[in-house]
Amino acid sequence: MTGQAHTGRPSKLLRNLSSKIASIPMMLTAVVIFLGGTIWTVVYSFTNSKLLPRAKFVGFDQYERLWDAPRWIVSIQNLAIYGAFTLVFSLVIGFLLAALMDQKIRFENTFRTIFLYPFALSFIVTGLVWQWILNPEFGVQSVVRSLGWTSFTFDPLYNADIVIYGVLIAGLWQGTGLVMCLLLAGLRGIDEDIWKASRVDGIPMWKTYLFIVIPMMRPVFITTLVIIASGIVKVYDLVVAQTSGGPGIASEVPAKYVYDYMFQAQNLGQGFAASTMMLVTVAIIIVPWAYLEFGGRKRV
Amino acid sequence: MKIRSMAAILAATVVLPFAAANATDLEVTHWWTSGGEAAAVAELAKAFDATGSKWVDGAIAGSGGTARPIMVSRITGGDPMAATQFNHGRQAEELVEAGLMRDLTDVATRENWKDIIKPASLLDSCTIDGKIYCAPVNIHSWQWLWLSNGAFETAGVAVPKNWDEFVAAAPALEKAGIVPLAVGGQPWQAAGAFDVLMVAIAGKDVYQKVFGDKDEEVAAGPDIARVFKAADDARRMSKGTNVQDWNQATNMVITGKAGGQIMGDWAQGEFALAGKVAGKDYTCLPGLGVTEVIATGGDAFYFPLLEDEEKSKAQEVLASTLVSPAVQVAFNLKKGSLPVRGDVDLAAANDCMKKGLEILAKGNVIQWVDQLLSADSQKQKEDLFSEFFANPSMTPEDAQKRFVDIIASAE
């Protein structure tokens, strides 16, 4: 036994040597590009870099300016609203659709295709389509008015108070189909016997879903959550295509602030500070969660 | 420093393979993609091809805001084009300071640009530390109010001759279901309209003090308060525009759905395309009819530093081609802009262009905001005014306070 442990040690490092060598490029990419790039960005966010990076440090100046900028505050609020609603609605609607699909309905393939189709469109196309649909002169408002309800008003994209919900509608339309598919796959992974057992025990269907099936689908939900959450943080192209941040600055988002200040305003320092804040926000949410999820117990 | 030497090595690896190809192919990037603009660029290409080199067109669609980041990242990333358009002013300032741009002083002194380029401020904007880094090609001015004669006829009021008459006529236009002032949703339109109001209402000196000297006290003072009052009027008059792009807003004026628009002289191309005649179908008021000045903003070509000897020589040829009299006439007639030299004859110009030339000849010129403020301050200003024009609950006083902050932090 001891001899085996003795010889087992070096072999652990050298085991699967070829696959380890093969993964070196990817590891290098991860460390140098992602980690290195992140650190570099954080460091330079403390400088007054304009068009070109300059190592002239100015402390927290960029951050002070950032949190004084009304546009940044609006961006953060919008991201919070968009994020919270996207998370809740795409999970709820996606799960409902998946549960309905799972009732052994006819033409399931057809429905699944229809619901998943929007996901095949890019955010740019989605944004443009919904820009037209929500345009008061051509879209929903004019259709309803032409049916006779002439006082009907529905122009979310031209009303600063609710414009972010107009963006939200488009985002949900595009993304819910994917959530549905992921959750449907999860539902299909649940053993038939569980359903039979719960039926024997006389548990109503909704209770089975809520208390048995959903807890069993935990891994699928986590995957879905990560996909939705990363989509929320990086939302940019949808806003650019649909409203370009307007009216005024009412539908700005952090990612757009970063791009605009780095490239249009030629102020790298400010853009870096904003992107660092985005990273910090994500870290604040992810780290405690990851700690709770993976930290406590070791899993194989 | 390290980054720059790295960039140089990267540049070398990229440039070398191309050196083997025909050395006098010059790639020129610009964002002139609309019909009239493309025709104007074709004139430049034709003239340059006639010198024995070849113009390789690198048009980038989607206006300056989209194109500039691409150009800048190509230059800083070590894959420079042979020449590129910028608005003359401070957009390329840091590229020049980082030593990435070619010094054109030799060509400029040989061809005596100092004397032929009028107004002199154009060349000043190309000059950094006494060296000349760009070749101006045209003058575009923002200070125009375009009015739809048809809209005023419908409303039953006379076509206004200045801004105050226009504000007074607004209620009549509204009653006739016409939006008095079209302001598109893109941020630069609101910011530009404000700058025009400023020079028209507060005058040249105040304008120069605020944007040129970054004088906070003047920016907080009563003159600018009056400008914000006018901007408040403009905001009220622009309610219901509901379009994004500037040419859609111009189209509202063309079709008589809007009374007027504050927009640069590039709007003229849209009127011409729609077959409208200046003076009959539409009226143009330089300086809003209050202060007749035009700003000498516009476009210029910058030449990134290249390793290749022959290409560098061709760059000089291109620079001198761009400012030559024949090219200036052919290009600017197609573009609807004013030439950068006073010694050429634009007999074919229309009424509005002639008004512009006259003001230019009188020397009533100012430097445009692009030449005075950095891109950073410009962006902050755009954020402020796009919010101001979209949000009626923001008071002119609050907006002025934020404006003062921007001026105070400007470099």
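Just so it is clear, glycine is given a Cβ too, placed from its N, Cα and C backbone atoms.
Here TrEMBL flags A:21-43 (among others) as transmembrane segment.
Sequence annotations record features per position, and here TrEMBL assigns domain 'ABC transmembrane type-1' to A:76-291.
Among the features that TrEMBL reports, transmembrane segment is placed at A:79-101 (among others).
Residues or ranges marked as transmembrane segment by TrEMBL: A:113-133 (among others). Outside the transmembrane segment (A:113-133) by six or more residues, the chain places 97, 139-140, 157, 166, 169-171, 173-178, 180-181, 235, 237-243 with a CB less than 8 A from a CB of the stretch.
Sequence annotations record features per position, and here TrEMBL assigns transmembrane segment to A:162-187 (among others). The list of residues near the transmembrane segment (A:162-187) in space but at least 6 beyond its ends in sequence, with Cβ under 8 angstroms from a Cβ of it, reads 78, 81-82, 85-86, 89-91, 93-95, 97-99, 101-102, 112, 115-119, 121, 123, 126-127, 129-130, 134, 156, 213, 217, 219-221, 223-224, 227-228, 231, 235, 238-239, 242-243, 246-247, 250-251.
The feature transmembrane segment is assigned by TrEMBL to A:208-233 (among others).
Taken from TrEMBL, the feature transmembrane segment covers A:272-292 (among others). Only residues 6 or more beyond the boundaries of the transmembrane segment (A:272-292), in the same chain, are considered here, and those with a CB under 8 A from a CB of the stretch are 38, 41-42, 44-45, 49, 62-63, 65-66, 72, 229, 233, 254-255, 257-258, 261-262.
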